[in-house]
Every structure is written in C-alpha cells, then in structure tokens.
Amino acid sequence: MSQQGYVAAPPYSQSQPGIGGFGPPSSSLHYGHYGDPNSSYSAPQPGVSKSTVPFGSSAPVGPPPAGTQFSQTSFQNGPGAPGQQPHRFQGPPPPSNTGPSYPPYSHQSQPAFPNTASTSSTAQLADQLSSMQINNYGPGTIPSPHVSPGHPASLQGPRLPPPTQQQISLPPGSQLPPPPASNVNGLGAQPSLPPMARPGGIPGPVSPNPNLQQLPGQPPGPGYHPQQANYGPPMAGSQLSYPGAFPGGPAQLSGAFPGGPAQLSGPPQKKLDPDSIPSPIQVIENDKAARGGQIYATNTRGQVPPLVTTDCVIQDQGHASPRYIRCTTYCFPCSPATSDMARQARIPLAAVVQPFATVPPNETPLYLVNHGETGPIRCNRCKAYMCPFMQFIEGGRRYQCGFCSCINDVPQFFFQHLDHMGRRMDQYERPELSLGSYEYVATLDYCRNKKPPNPPAYIFMIDVSYRNIKSGLVKLICDELKTLLDKLPREEQEESSAIRVGFVTYNKVLHFFNVKSSLAQPQMMVVTDVAEVFVPLLDGFLVDFEESRSVVTNLLDQIPELFADTNESETIFAPVIQAGMEALKAAECAGKLFIFHSSLPTAEAPGKLRNRDDKKLLGTDKEKTLFQPQGNCYEALARDCVANGCCVNLFLFPNQYVDVASMGLVTMYTGGTLYKYNNFQLDADRSQFLRDLRKDVEKRTGFDATMRVRTSTGFRATDFFGAMYMNNTTDVEMAAIDCDKAVTVEFKHDDKLNEDTGALIQCAVLYTSISGQRRVRIHNIGLNCSSQLADVYRTCETDALINFFAKSAFKAILSQPLKAVRDILMSQTAHMLACYKKNCASPATVSQLILPDTMKVLPVYMNCLLKSCVLLGRPETPTDDRVYQRQLVMAMGVADTQLFFYPLLLPLHSLDLKSDAVPAAIRCAEERLSEAGAFLLANGLHMFLWLGASVSPELIQGLFNVPSFAHIRAEATSLPDLDNPFSKKLKRILEQIQSQKPHTMKLMIVKQQEQPEMIFRQFLVEDKSVYGGASYVDFLFCIHKEISQLLS
Ligand SMILES: [Zn+2]
C-alpha cells in the first residue's frame, strides 16, 4: 500500500451489486488523527454526503393510527420459502423497556453541509495546542447539570447505575488532601508519600525487593537514562515529550501541586504510593463484582455494556451484542467536530466491529432470515437493511428509514398491521424487526456475475527448501494434515464440509499435485516459469477430501520423501501466492491459502526481497520505512487477491530477518492471519504451531466479504482500521474474515446530531458462507447523543479507546515519524483529560489530576501503548517482531488489545483448589511479585511462569515433579501432566486463558534471578522499562504536567 493509506487506489472493480456502488467515492480525503501532517484536517467536501437525494422531499409522516384493526398471522419467513429457516425464531420476550422508541423524524433540510475544514480536530500537535484556546473558557462555560460541586467526578446521571467509583485524583506533592469518602482505589489509604529513592531524581517506584533490582548479569539496559532528559530533540511547537521526561526537571513538579507557588521551594521530591493511583485490576474486579454472571440485555439505546473482561450472558433485544460492536463512547456529542464542545473533548468517536465474533454456547446464535427471491428488504435511498430502527407508519403500509428518513413502501408480502403503540404485530416474531444482529440470505444480485458462489477451497502450500526438510517441519505438516482435513468447518446441518482442498509445494519452482479420487497415485506437475505463473491443472487440483482421501493421504506420505535429498535453499514467495490465487480464480471460488514458509525469498522471481533491515534508522524520520513493504509487488498482489476472494494465511518459521513488512502485507490486506515461530525447534515449538494450525483450519470464516457501515444523518464513518482492503472510502473489502478479526471504524460529524433520534449505526457484511451460500450479516447499534459534555465522558469505554488509539497510531507510523505519532497520542490524552477537568470537574480542584470515572485507567493503558515495541523502537527488538506485532494489533478486537497492552498477571501460589474460578489478577509491577510466589503472565502472544527464588518445594514438586528450584528445567515449554489437584487446576487455568485467544502462547518458564527474567520484566508494564519506557507513576506526572500547562 502507499504511504497515504488506503485511499485513492487505482480502480479495481469488484462490484457488489446491492452492497456497494452508491454514493460518490471521495477518494482524495484524508481522515484520522494522523492525516497529512502538512495540511489541516480536511473536512467533508461539499457534496459528499451519504445520499444524493435531498432531504425533505419525502412525504410527511402522519401519526400512526391508533387502534388499527389487525389479525394475528403466523410467522412465515418470506414468500414461498418457509422451509429454509434453520432456526425457529421464538423472539425475545417484549422487554419492559420496549427498546428505542423514536419520536417522528423531523425532516432535515440540509442536503449538504458546510465545509468546515479549517478547524482541525485531528491534525498536527501544534494545531491541537493552538486551537485549544483554553484561556478563553471561563469556569462554567459548558456547565454540566450532572456535576455537583463537591464531587467533581461524580457524573452519574439518572440513566446509569448508582456510582460505584468516585473521584480519582492524583494529588502530587508532599501532602495529600483527605481521602474522598467512597474511594475504592485505596486512594489516601497511605496518605504519606515515601521519599523518592532513585538516584538522579527520576520519580519512579522503588522495588521493595532488593534482589530483583540487582540481578546478576543484568545491565541497567541501554536506553535507560540516569538523568531525566528528553528522548530525542524536542518537537517544534510541542512541549510534550515522551517517555517520562519532564522538560523542566522534577523540581518543577511541585509547582503544580496543591498549595500552588508557595510550595515551589518546598520539601524534596516525593514518590507517589502506587496504591494511590488508579488500578486497572481494581477497575476490572469492580466491574466483575457489579455486572459479572448477570444477563445483559441490549434493550436500551446508548447503554454502556459490561467491561470486556467481565463474563456475562448477553441477550440481544434490539441492539448488537458488545461481542460484535463496542464503542469508544455510547453517547456522541450533538455538535459537529467544529463546535466548541467536541473540539475540546477530542474523544474519538469510534466503533470496534467484530462481525463474526464467537458467541458462547449459552447465547443465541444469529438467526437466518430468508425472503426467497425477493431478497433482503432495504431502504430505497440509503440501502440500509430492515432493522429495529425502521419506523412503520400509515397503518403498516410504509416505513420510515431510521438512517436517512426516507419513506418506503412495505413490500406486500411483508405487510403487517400495527398495534395501538404503532408497532407491528409481528415485531417479536421477526429477527429483522426485533434483534440487533441477524443474517439475511442474499439473492443472485449479491453474487459475483449473478451466479451462486461455489463452496470455498483451502490450498496448502508448503516450502520444501532444505531447511524445512531438515528441521522436520515438512513431515510435521504433512502428518498433521492427514487428520486435520477431517475437521474442515461445515454447516451444523451438514454431514461433511463443502470446502475443497488442494496441495502445492515449492522452493525455487512450484509443484502442483493432482489428487483426483480416480487416480491410484497423486501426480506432480512442476511450474518453472515463476515470472508468469499459470495453473497447470484444473481438474483434480481442488478436491473433496472425503472422496480423495486415499490419494491425498498417499501424497502427504510422499512429500517428505520426495524432497528428502534436496539441497535447494533459495525460495520464491510472491509467485506462490499468485499461483494459489490463480487456482482459486480458475475454480471460480473464494478460499484461503495456508503458506508455510521460512526464509527471505531471494530466488530470482517477482517479489524477490533483499535484507534491508537497518537499526541505524531507529529514532530517525526514516524509521517508518521499516514498516513499509519493499517495492510495489506485494501491494498489487494483495489487490488481486482481494478482488478474487483469496485470503492468505502465512505461517513463518524464520531464523533471521525475513522482512515481515513485505511478506506479511498480502496476509494483512486479505484478512488472513500471520503466525511467526522464531528459530522453530520441532520439540519445543511443535505443539504451539500445531494448535495454531488446527484452530485456523477449523475456524468459522466468512469469504469474499464486503463490509459497509451506514449511519443515521449527522455523522458518518470516515476511517477504517483492520486486516482489510479499501478501494474507495466506504466499502471495506476482505477476502475472508474470521471470528477473531475486528475492524475499527472512526466516525465524524457531518452536522448536528439530534438527542431524540440518537446516533444509529448499521454494519452489514456481505459474504460467502463455508457452504457456499451468499449471506448478509447485519449488526445494528443505537447510541445516544447529548449536548452535555459530561454525558459523553460518562459513557466512554477505555478498552475501546485504547483499541482505537493503538490501531490509528499503528496505521500512522507508515507515513509519519514515530516520535510525532507518540506525541500526538500524548497530546490527545492530555487534551481529553484537560477538557474534562476544565468543564466537568469542580474549579476547586485545579491543582489536582482529575480523571473521569470511565477513563481513570486511560493513562496506564496509554503508557503501555506508548512504550510498546512497535511505537518505541530499540536495538534489542528485531524489526520483524515489531512489524509482526503491529500487524496483529491492527486486526484485534477490544478483548485482545486489552490483554495485549495490559497483560494478565495471576498469583499461583495461593490458588483456591476447591474453586473452579481463576484467581484475581494483580497489577503488572515488580513490587507485586514475591520471592515465595509463583506467577503466570499472559498477553495473548506470550505466556510466562515466573518462579520466585524461595518458592516452596511442595509447589515445585506439585508443578514440575522435581524436588527443588534448582532442578526445574527452564527450557521446558509446557508443564508435565501430573496427578495432583494443584497441577490439574493450573492446567485448567492455562487452557481457559488460551482458549479465548487466536494465537497460541508458548509457555516460558522464568526463574527469579536468571537471565530470561529480562524478557519477562518487559511485561511488567507499570514499571519503568529497562529499555526506556516510562513507569506508570512517571507517566501520570507527565500527563498531569501537560494538563496543568493546558489549563494554566
Ligand atoms: Zn434510508
């Protein structure tokens, strides 16, 4: 892809009648927080509106006739196709609050909205700072009705549960005010601040365990600066600097503290007690206690769901489950981004959509609606699909679209009388009228070339060069496939999978295999012309595994033998993808390639790569090039793959630099998954790899997918982040999308939003099912709108905010210096919090750090993002690892980013063996560890078992079946299966953590005071990183200082 992102790509027609192709593409727009740094944010161009039809042209809406006569009819799902409904839809019981009830829509008469380009909300840091105009706002400029003067952070309005948490204030300085009455974070529990103990005056936590501070052979770490200094030159126009550096030195910190200037020359620097600052664990546990194990019904517009870390049962009653959609805030500001309120708040308006998310067995799977040849019912103007946001009028003969207000006729077969409330009599019998999420069977109009799709195919493409043969990898893969192919995904009602399979091996040339069921032996065809790859056979290449089982098994037995004596160490790569795509194209089906590859493709062929890794680029403006692909080959290939529904899954087994930025590009843009096993060793890594492979092959997947996000008037989707491709500004294309992939969508105002109608979002994914049926999966969610800033803050979700910030920043590093990206993140965090303090908190607390209840852990998460190895390069981290992590995060949903940036740390020595529950986590800081303890740490990619030096021999015996600490083999990557309750319980916990994550985490055993502890300690994210990232406490000081500067 070009550095500019996904816009303005050459036309690449993949016309999807019915889902795309309306609305003029505005291909030159730059959106997002990291748009072209040389220009201010481009507001919507004149004429770029969701609809070309002027508003207000429709017939007026009359009040629904009361007491209309009706006859109860039995539910039938469409004309002539009653038998095609796989689920019998009972419909949810009418909720006590009967969902969103919208007053009649007023016809807005603004066909186009003014161009409001000059007031940036997203551009350069300097713009942000200058446009704040903080000094112009007096107290009470934007009063909040919900704020009581005595409780600055008490913003619980009438629609929310009673406050469980109160003011979070960081009173930096030598004295703390009296603790707030209902503080749950232990704030003020230890009111005296211990003196700072670090040399050099860097504020930070002091380890209570001297042993951990002086590990043998452990250098302080390059990048650790003993003096507080800016890391890199200060940015022009910016007073922000990350990490952990205070421009004026620590002596100035107290200047901003309670007591004001009088304390400037006061007592020496004090260290904050870590227990007095907001704890992510406390927030997670509070939510679990308040909402865990309960039923969460989605019957109210704008309600904030339980945290992503809280287990509950979700019941769809009109809005999409938070498993499918989570938002950064559930109340959008009414005013457009150019107005005062929104410009100050700087809270990104975004939704994280995971359209194929797995739902647990105790929740209802999606209903499938089939209207037969008629197809889905859609608004004539904006093409939104029938959903609970449509309002039926005129006795049920017409309906008004909730998105564009257009009045549509109700198709005759769909007619139903209304009750005295104006609701259809069959509302709760039809998924499309009462549920937030459901599926439609699509008609031929939604298919390529108006032909029903063929079932998808999986092609396994194995690198059989010298190293893969020698390592035993090729044999491992072939052996596994013999049994794995029995587990290809299938529809529940079908006996076997419709997915066909094919096989290719390659090194410098390609080998295709004919495995037609009628053959006695598989046949191999070699393609040596890799510049112009063609598929040498059609018939017999893609087969039904059941039918061709003996030939395929025969082939898989033979492949390792066939190349056993190979000396070939050079490989090709782009032609492999090309070959797979051509094969799918020839078979007229979508599908997935599973490519198993281990080296930099240096053989003479398209997509040949050279080693261009260069550590000297770190910290320079050219660092971004490390994240960009070499040449244009892979980008063009990705476009071809998406256009042909070819998803590329890549399993990499490198033992040196392989240029993941180039090799992984096609995987990224086709919705595939990248797996990477550094220095693959058969014994140590086979279980991790095989588990990944099995999970991926068995995964529920939608193929040849296009996603479209529609919104009600006043705002629209402007930017998209994920493993996907975009040819225009509206259609998100994915060769495939699986249950783990999430697309994050950013919204911007077009106009003022209406508090009564709210902000409605419909996300529709057109795709081909695993059985080859064309379907539309629809998720609807309604958010509130408010002109009160406090309402927006009160309904924020920090986990979704971090998902958005991570993806937008990780996209931005392709085109901007990393330091600029970090500064923007820092600046935006400060602005969001400053705006809250300015407008929603009591003026009496000017010198305190005030965090909104919903954002009190935003600083700690933001710090984790800022010091992630993607944004903060250091020579120790291989470039490929940074690129790999970047790519994974771009596709993550909210639960995955939460765990990735703030790992789970569990104490194991105190397991309650009687209970099945996972123990409560502890904060990721070294001082939370104990020498006598054992701890498990997991972040979705890595898993560590940390053992303290004086952990009890009983525990060691129970876990490892060895007598003492010294006997533990740290090289082990799994725990032995032992017949004792402790070992069994721990295994269950490991399995539970693992089962929810897309990538298999290899277990690493870390013994206190041994060398691998360095790696482990990087994941103690509240501490100062040995490589230069700020500690949580330092970061809070830094943010506090920025906020104070903004407000002074
Ligand atoms: Zn419409």
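Just so it is clear, glycine is given a Cβ too, placed from its N, Cα and C backbone atoms.
Noted in TrEMBL for the protein shown:
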REGION    1-278  region 'Disordered'
COMPBIAS  37-52  compositional bias 'Polar residues'
COMPBIAS  68-77  compositional bias 'Polar residues'
COMPBIAS  91-103  compositional bias 'Pro residues'
COMPBIAS  112-138  compositional bias 'Polar residues'
DOMAIN    376-413  domain 'Zinc finger Sec23/Sec24-type'
DOMAIN    453-697  domain 'Sec23/Sec24 trunk'
DOMAIN    702-785  domain 'Sec23/Sec24 beta-sandwich'
DOMAIN    798-897  domain 'Sec23/Sec24 helical'
DOMAIN    918-990  domain 'Gelsolin-like'
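DSSP labels the residues of the domain 'Gelsolin-like' (918-990) in these numbers: 24 helix, 11 strand, 38 coil.
The domain 'Sec23/Sec24 helical' (798-897) shares more Cβ pairs under 8 Å with 453-697 than with any other stretch in the list 453-697, 702-785, 918-990. As a summary of secondary structure, the domain 'Sec23/Sec24 beta-sandwich' (702-785) carries 0 helix, 56 strand, 28 coil according to DSSP. Per-class residue totals from DSSP over the domain 'Zinc finger Sec23/Sec24-type' (376-413), listed helix then strand then coil: 5 helix, 11 strand, 22 coil. Along the domain 'Gelsolin-like' (918-990), the predicted structure has mean pLDDT 92.
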